[in-house]
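Written below as C-alpha cells is the structure these notes are about.
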Amino acid sequence: MDVHKEVNFVAYLLIVLGLLVLVSAMDVDAKACIRECGNLGFGICPRSEGSPENPICTNCCAGYKGCNYYSANGAFICEGQSDPKKPKACPLNCDPHIAYSKCPRSEGKSLIYPTGCTTCCTGYKGCYYFGKNGKFVCEGESDEPKANMYPAM
C-alpha cells in the first residue's frame, strides 16, 4: 500500500512539474492595454516599397529615417532624412536613381487611417501615431503580430 501511495505522489509531482515547465515556456505578452477609442487621427508605419521593376517616386530628403534607398541594380543611394514625427520640407521631385527602399518593418500598410480603437499601447512599434490635428502623439508600443500566426484551416 505504501508503494502505491509513493507512485501516486511521484506521478502527481511529475504532472505538476510538467505543467510548470509548459507554462513557463509559453510566450505570453503580459502587457495590458486599455480600450480607448477615437483619440488618434492616423498612423504612419515606414515600410519597404518598390522594386527594380516597379520603382518608387521619392528622394533622399523625403525618404523616412531608418529606411535605406537603393538603385535598380541594388547600389545603396542614401538613408532617408525625413522623420515621420517632424517631417522636413522637401522638394517633391522623384530621384531617378532611387528604385526601392528597405525599411526595418516591411509588412502591412504604411498609412493607417482611421485608427479605430488604436492607442499608444496597442499601436505597433516603429509606427508613429498622430492626433486628429496632425500633431505627433506617440510611437506604438506593441509588437506587430506575425503574418501567419493563426493559419486558416
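Cβ atoms here come from the backbone N, Cα and C positions, even for glycine.
Disulfide connectivity taken from Swiss-Prot links CYS94 to one of CYS45, CYS57, CYS138, namely CYS57. For CYS37, the disulfide partner named by Swiss-Prot from the candidate list CYS103, CYS117, CYS120 is CYS117. Confidence across the repeat '2' (87-146), taken as the mean pLDDT and rounded to a whole number, stands at 82. Across the repeat '2' (87-146), DSSP helix (H, G, I), strand (E, B) and coil residues number 0 helix, 14 strand, 46 coil. By neighbour count, meaning other C-beta atoms within 10 Å, the densest spot among the disulfide-bonded residues CYS45, CYS94 is CYS45.
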